[in-house]
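Enquirer: Take a look at what Swiss-Prot says about it:
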{"type": "TOPO_DOM", "residues": "1-30", "note": "topological domain 'Cytoplasmic'"}
{"type": "TRANSMEM", "residues": "31-52", "note": "transmembrane segment"}
{"type": "BINDING", "residues": "His44, His143", "note": "heme b bD binding site"}
{"type": "TOPO_DOM", "residues": "53-76", "note": "topological domain 'Periplasmic'"}
{"type": "TRANSMEM", "residues": "77-98", "note": "transmembrane segment"}
{"type": "BINDING", "residues": "His93, His182", "note": "heme b bP binding site"}
{"type": "TOPO_DOM", "residues": "99-124", "note": "topological domain 'Cytoplasmic'"}
{"type": "TRANSMEM", "residues": "125-149", "note": "transmembrane segment"}
{"type": "TOPO_DOM", "residues": "150-165", "note": "topological domain 'Periplasmic'"}
{"type": "TRANSMEM", "residues": "166-188", "note": "transmembrane segment"}
{"type": "TOPO_DOM", "residues": "189-206", "note": "topological domain 'Cytoplasmic'"}
{"type": "TRANSMEM", "residues": "207-230", "note": "transmembrane segment"}
{"type": "TOPO_DOM", "residues": "231-256", "note": "topological domain 'Periplasmic'"}
Amino acid sequence: MTNESILESYSGVTPERKKSRMPAKLDWWQSATGLFLGLFMIGHMFFVSTILLGDNVMLWVTKKFELDFIFEGGKPIVVSFLAAFVFAVFIAHAFLAMRKFPINYRQYLTFKTHKDLMRHGDTTLWWIQAMTGFAMFFLGSVHLYIMMTQPQTIGPVSSSFRMVSEWMWPLYLVLLFAVELHGSVGLYRLAVKWGWFDGETPDKTRANLKKLKTLMSAFLIVLGLLTFGAYVKKGLEQTDPNIDYKYFDYKRTHHR
């Protein structure tokens with residue numbers, strides 16, 4: 001470790017007596033990774049909800065992710081690489097966000113007192129985002145690891161099997177609320193922080209963005225619950241012990 005690094009770590013300024021730009025750079029990367037994950041969250045919800053349109057529609061979309069228009073039957077390993085990339089961004093975002101978390105009881109008490117006294121909506125939203133982010137770090141990691149290591153088990157039949165027979169439904173139910181709340185709040189706070197849509201009336205814009213955030217949360221949660229119900233219903237109907245439901249979708253597209 002150089003003397004310059006030691007000086008900056010204690011004083012917060014560079015050897016040139018300038019305030020360190022590192023916090024700003026880390027904030028930018030936190031925002032960038034958060035934006036990517038927020039948009040991915042929306043796309044992911046629309047993907048998994050294709051089961052509401054029928055098995056064939058979801059299977060068709062699944063195979064497009066596996067590049068079946070290039071490889072006959074598709075290559076599940078393509079999904080593994082995609083999941084690994086998202087997992088890496090997910091971990092990086094969590095690492096960057098942890099800088100803002102209260103790290104001891106005193107900091108937690110200070111924040112809680114501030115939140116309760118101020119009763120400011122955006123402060124409460126930050127707290128919701130922090131709590132849902134904490135839950136997502138564990139629940140989301142489980143889901144992403146499964147997608148990364150078992151991509152051939154994605155599909156209307158196989159995913160329903162995982163949901164019910166492999167008892168993933170409690171995790172997915174909690175993850176649904178955590179992801180949709182965290183993502184919608186995060187996108188709202190990004191827009192406010194960077195002033196993307198401020199225009200000439202920032203206060204009015206912020207109020208409209210908050211309404212949009214609420215509508216987004218409600219829409220995605222309702223869509224998610226309908227999708228969740230569809231998977232559970234299909235999973236409960238899988239009662240034939242002679243059928244390999246876990247790899248059913250993979251086998252019917254790779255063994256003809």
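Cβ coordinates are placed from backbone N, Cα and C, and glycine is handled just like the others.
Computed from a predicted structure; not experimentally measured.
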Enquirer: Quick check for the class: what is the C-alpha distance, in angstrom and rounded, between His44 (heme b bD binding site) and His182 (heme b bP binding site)?
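Expert: If we compare the Cα positions of His44 (heme b bD binding site) and His182 (heme b bP binding site), the gap is 15 Å.
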Enquirer: Mind checking how the topological domain 'Cytoplasmic' (99-124) divides into helix, strand and coil residues in DSSP?
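Expert: Helix/strand/coil tally for the topological domain 'Cytoplasmic' (99-124): 20 helix, 0 strand, 6 coil.
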Enquirer: Counting Cβ atoms within 10 Å across all protein chains shown, which of the binding-site residues His44, His93 comes out on top?
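Expert: Answer returned by the neighbour count: His93.
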Enquirer: Sort out the residues at least 6 away from either end of the topological domain 'Cytoplasmic' (99-124), same chain, that have Cβ-Cβ distances under 8 Å to it, and list them.
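Expert: Residues 26, 30, 130, 134, 189, 192, 210 contact the topological domain 'Cytoplasmic' (99-124) from elsewhere in the chain.
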Enquirer: Grab the same-chain neighbours of the topological domain 'Periplasmic' (53-76) for me: Cβ-Cβ under 8 Å, and only residues 6 or more beyond its ends, written as numbers and ranges.
Expert: 47, 82, 151-152, 154-157, 249-250, 253-254
Enquirer: Tell me which residues of the chain lie with their Cβ under 8 angstroms from that of His143 (heme b bD binding site), as long as they are six or more apart in sequence?
Expert: Leu171, Tyr172, Leu175
Enquirer: Just to be sure I understand, if DSSP states are collapsed into helix, strand and coil, how many residues of the topological domain 'Periplasmic' (231-256) fall in each?
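Expert: Output for the topological domain 'Periplasmic' (231-256) reads 16 helix, 0 strand, 10 coil.
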Enquirer: List, by number or range, the same-chain residues at least 6 past the topological domain 'Cytoplasmic' (189-206) whose CB is under 8 A from its CB atoms?
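Expert: Non-local partners: 31, 34-35, 38, 122, 125-126, 129.
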Enquirer: Can you tell me which parts of the same chain pack against the topological domain 'Periplasmic' (231-256), counting only residues 6+ beyond its ends and a CB-CB cutoff under 8 A?
Expert: 51, 59, 62-63, 68, 73-74, 76, 152-166, 169
Enquirer: Return the count of C-beta atoms lying within 10 angstroms of the C-beta of His182 (heme b bP binding site), excluding that atom itself.
Expert: 25
Enquirer: By DSSP assignment, list the helix, strand and coil residue numbers for the topological domain 'Periplasmic' (150-165), in that order.
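Expert: The breakdown for the topological domain 'Periplasmic' (150-165) reads 12 helix, 0 strand, 4 coil.
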